[in-house]
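Enquirer: Here it is: the structure, laid out below.
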Amino acid sequence: GGGGGAAMADGEGLVSVDYEVHGKVQGVFFRKYTQAEAKKLGLVGWVQNTSHGTVQGQIQGPTARVRELQDWLRKIGSPQSRISRADFSNEKKIEALEHKEFQILK
């Protein structure tokens, strides 16, 4: 790492966070809506269904935008979904985005 450089305003640094959403989130276009919402917010990462009925993935982008998607994953989701809870883990600051776009993984 080099010197400090200009301090970025709070909420403007990049973060990476993993998520898992529980409830009725498969077969309700949850991944498609998550991808659309992430793209709207300018975030990158991925989303996929798990074998145990949840949806999981990773979000990367400016902290404030990541928070917006976390709220969306907690409370909104796709129109037919019923979210019981969303867990977030492995949050860390990153220097650069590790994904090119927000993908739906099979």
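Each residue, glycine too, has its Cβ placed from N, Cα and C.
Please treat TrEMBL annotations as automatic predictions, because they have not gone through curation.
Marked as active site by TrEMBL: R31, N49. What TrEMBL records for 16-106 is domain 'Acylphosphatase-like'.
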Enquirer: Under a criterion of Cβ-Cβ distance under 8 Å and sequence separation of at least 6, what residues of the same chain contact R31 (active site)?
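Expert: Non-local contacts for R31 (active site): V47, Q48, N49, V55, I104.
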Enquirer: Per-residue pLDDT averaged over the domain 'Acylphosphatase-like' (16-106) comes to what?
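Expert: Summarising the domain 'Acylphosphatase-like' (16-106) by its mean pLDDT gives 97.
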Enquirer: Test of understanding: give the count of other CB atoms lying within 10 angstroms of the CB of N49 (active site).
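Expert: Summing over all protein chains shown, N49 (active site) has 18 other Cβ atoms within 10 Å.
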